[in-house]
Amino acid sequence: MNKKNLTICSFCGRSEKDVEKLIAGPSVYICDYCIKLCSGILDKKPTSTPTSGASTEAAPQHPDLQVLTPKEIKKHIDQYVVGQERAKKTIAVAVYNHYKRIRALLNNKHVSYGKSNVLLLGPTGSGKTLIAKTLAKILDVPFTIADATTLTEAGYVGEDVENIVLRLLQAADYDVARAERGIIYIDEIDKIGRTTANVSITRDVSGEGVQQALLKIIEGTTANVPPKGGRKHPNQEYIRVNTENILFIVGGAFVNLDKIIAKRLGKTTIGFSDDLGDFSQKDRDHLLTKVETEDLIAFGMIPEFVGRFNCIVNCEELSLDELVAILTEPTNAIIKQYIELFSEENVKLIFEKEALYAIAKKAKLAKTGARALGMILENLLRDLMFEVPSDPTVEAIRIQEDTILENKAPVIIRRAPEAIA
């Protein structure tokens, strides 16, 4: 039979040679495989995972979506994120408006304002990712993180942008309705600017193609997501996910963006150094509060992409005091975690104040912000965590400033022999 004359299923594309039965209707055909698939969907209970991404289908299931106020959102973030007061307030308002909009849509109310996608500027380790993670936790919505540098447009080797939606769907246990109200955080977004140099020959060097591909899912589309990920191919099954109400938060360091802003403002009129490369960190942080859409476009982001983020806010570089606070104050502070680990061995772990500041100084020199704190403490305590479980004589360990700065051994306080027995 001529291949051109083969009859195919109008839904999956299988030909009559590949199926057992092909049932004809008015101008359409459906195969036995698709009939079984549809039958299985209809047999499912109404509370099971939806197979369509349409938000209107999910509305009856969640008529009373609870929305925290901006103050409540910030209060929860404060428990985990130190500093960044301006960023936390701005994001709290944006998130409140976003989920208020979703609640109105679920209750079939007319909504004239768009969703509040967020663009976070700031150096590595300033808390951008942690803010996004904390938001998802307190709002009890699915959350996933993607790295923009691994994404490619269609036709290039790399990760398809729609796989980000798949990861969110997986985080929602394949509950489409929940995924459609989740949060996606895309890190390193500045690395796909058109001016970014990239020597790879397997992807779009300019980054514009990746921005265009992301634009579609950020502005709102029905994504056909392969359940198992990977590239799309003919005759593949898809899960349809509507991205219109997914909150997108993107973050990046945007190195040298401050110079672009200073050039636009006129450096001599704002009191900065005559040398554009001689800004202090305080100067850079201040300049980033003045960022405009045109600055991001000059950096290399396309206008359409920037236009989808009506909330643009910067996270400032963390001070020494803030780094020390990160070590000790949050609910899940890393010092608290190590103290608990040693307490399970009946050992008291003590950090002197000077030692905490020494750790903060070391982290600041590493230029990776709060991210360096965990590595410094791991390297510091690794040998102790190896030895202590086998040594019942250890009662307490005192970490001093010279332990950090001069690599001197910590002070070990031992139990009296009679206390060991």
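Note: Cβ is positioned from N, Cα and C throughout, glycine not excepted.
The feature Zn(2+) binding site is assigned by Swiss-Prot to CYS9, CYS12, CYS31, CYS34. Cβ environment of CYS9 (Zn(2+) binding site): SER15, VAL19, LEU22, TYR29, ILE30, CYS31, TYR33, CYS34 lie under 8 Å away, each six or more residues apart in the same chain.
According to Swiss-Prot, the ATP binding site annotation covers PRO123, THR124, GLY125, SER126, GLY127, LYS128, THR129, LEU130, on the basis of sequence analysis. Long-range neighbours of SER126 (ATP binding site) (same chain, six or more residues apart, CB within less than 8 Å of its CB): GLN84, CYS315, GLU316, GLU317, LEU318, GLY369, ALA370.
Taken from Swiss-Prot, the feature domain 'ClpX-type ZB' applies to 1-50, supported by sequence analysis.
In the three-state DSSP assignment, the secondary structure recorded for LEU130 (ATP binding site) is helix. Each residue in GLY122, GLY251, CYS315, GLY369, ALA370, ARG371 lies on the same chain as PRO123, THR124, GLY125, SER126, GLY127, LYS128, THR129, LEU130 and has a C-beta within 8 Å of the C-beta centroid of that ATP site, without being one of the site residues. Summary for the binding-site residues PRO123, GLY125, GLY127: the Cβ-based neighbour count within 10 Å is maximal at GLY127.
Per-residue pLDDT, averaged across the domain 'ClpX-type ZB' (1-50), gives 65. Less than 8 angstroms from the CB of LYS128 (ATP binding site) sit LEU120, GLY122, ASP187, GLY251, CYS315, each of them six or more residues away in the same chain. Most Cβ neighbours within 10 Å among the binding-site residues CYS31, CYS34, LEU130: this distinction goes to CYS31.
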